[in-house]
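Copied from Swiss-Prot, the annotated features are:
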type	residues	note
TRANSMEM	2-22	transmembrane segment
TRANSMEM	37-57	transmembrane segment
TRANSMEM	65-85	transmembrane segment
BINDING	77, 80	Na(+) binding site
TRANSMEM	101-121	transmembrane segment
């Protein structure tokens, strides 16, 4: 059972801080005027890592809750961003670059799903 233990709060806070910081750095380094590469990168990397973490956590039920909370709820929650993706897509639509908006939305959704599957498959292959 998950509790409101101080360690759980700390784990989420530290993980979220690190994930949000990495997303900010990716945005600074990679986002351009025409295509938000930083946000896409954060979401694709986050998709892969959530697949990895889901598979690892499933294969290690003995791990304490704070590990999952730090990695998944904290770090990956801070790294990935559906709200920024949505705002960037709507901005593209408002600017009339419909093909770019559709490509970005498609790449973000399909790419994140594919990366999550790849993360799961990677761990399952390595644990054989």
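Just so it is clear, glycine is given a Cβ too, placed from its N, Cα and C backbone atoms.
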List of residues, in chain order, with Cβ under 8 A from that of residue 77 (Na(+) binding site) and at least 6 apart: 15, 16, 19
Tertiary contacts of the transmembrane segment (101-121) (same chain, 6+ residues out, Cβ under 8 Å): 35-36, 39-40, 43-55, 80, 85, 88-89, 92-93
Intrachain neighbours beyond the transmembrane segment (37-57), with Cβ under 8 angstroms and 6 or more residues off its ends: 19, 22-23, 26-31, 63, 67-68, 71-72, 75-76, 79-81, 84-85, 88, 104, 107-108, 111-124, 127
Residue 80 (Na(+) binding site) CB neighbourhood, other CB atoms within 10 A: 22
